[in-house]
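Just below is one structure, and these are the notes that go with it.
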Amino acid sequence: MNSVSPSAVQYIVGGGAHEDKASASSKRHLGHGAVPDGIREGSGEPDEVDRLKAKFMSAWNNVKYGWTVKSKTSFNKSSPLILLGQSFLFNNEDEVERFRQTFVSCVWLTYRREFPQLDGSSLTTDCGWGCMLRSGQMMLAQGLLLHLMPTDWRWSDCHALTDVDFEVLKPRSPSRPAGMSMPSFSSSWSSSIPQINPSPGITEAHRRAPARCPSASPDPQVDALHRKVVSCFGDHPSAPFGVHQLVELGKESGKRAGDWYGPSVVAHMLRKAVARAAEFEDLAVYVAQDCTVYKEDVMSLCESSGVGWKSVVILVPVRLGGESLNPSYIECVKNILKLKCCIGIIGGKPKHSLFFVGFQDEQLLYLDPHYCQPVVDVTQANFSLESFHCNSPRKMNFSRMDPSCTIGLYARSKTDFESLCTAVSEALSSSKEKYPIFTFVEGRGQIYGMEGPSGGSVDAPAHIFTCSRLSRNNKRGSTDEFVLL
């Protein structure tokens, strides 16, 4: 009998045996996004019944999403795979290893349980409702890695894996090309990463240091930066980008713990969170208005303080079709993911958020937040990083992507921003549709005085969406509306 691969172990939970006992009624009431009112409402300590409900939800969720790793993820060895602006061709072991280093180094943020109680509720888990928050966290985390870490940084202390299966599959039909199955990776590093070019804050000694073999001990200063990024998303009230802080910011948009958060609302919550984080005064987040990036607004935002030009994360909420994805925009999405300035796309299937980081052929590569893990105390000096990195790459067809999504971009300097505008505009011009996904224009956008998803006094201009082109019969909430393309 085949052994269980480590990639599958990431999704297995001891409560999996409850799957057979879950009735149809249980599945209906514990479906994605459903939170028992007794848990969500109230500010007192959760009673034993609430704890049991939360544990059952966690166990059922892990069983449900554990099914996705039963089948191996196949990769076409003759087609390039794009991952956050980098291209990989799996025709040799070095390329497979390079992909492994890059993918596993992405920060993976998932459901957590047993964290401090969320304000205004008795919830101690985001299982079943916080997947879009986690996807947004992952996109911001990727931006922080680019902002803080050395260029081409790779996590040197990867999971200790033993199962290796690089089986080369024969074509089953003319429509299925030969591929490479990659359920897990070896724990031994077989190649060195390129010479790294540190970001500001890295000393000259680090700048001149030779390229480090991934199997060597991590650089203490770089490791500290890595932990700083992860700890910003800790599940406790003082973490600047943690669930507790995001839920608090969501109240300004009429949201509360246990509600469904759409990609546009999450974009504005991330903008506010970064604006209020004193430790990131050199970083700003701009949210596009009406599918338009106003260059003068971005310039004003990045030059608004005495610290010089701020690096900027640009978030563009869009809707790529009506009830389903418009196939005409697939090529544009691919072209955006090819750009090194792209930090991913948050979206996914309806009520099922995923963080898209790349693609191969007609399939998207993603990180899945739907695995519920125990909380990690990131305030400890040497907290474990293993649960914040995923070693199981997953794919899905573009056709299954929900049209509501938010695109993330990052520019370190003014020059980078100008290059970003040019590169993204060229990528968007590939669309066969009359209207591009979004545009860059000179000048400023309209400043709205009303309180909405972008409201709050901590940052201006306040960008919210006007949906004049949306049908009045659209069933989506007003705080999660998009301009239809």
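Backbone N, Cα and C atoms are what each Cβ position is placed from, and that goes for glycine too.
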Given the ranges 22-46, 172-196, which one is assigned the annotation region 'Disordered' in Swiss-Prot?
22-46
If you tally other C-beta atoms within 10 angstroms for each of the active-site residues Cys131, Asp368, His370, the top scorer is Cys131
Could you measure between His370 (active site) and Cys131 (active site, nucleophile) for me? Cα positions, answer in whole angstrom.
6
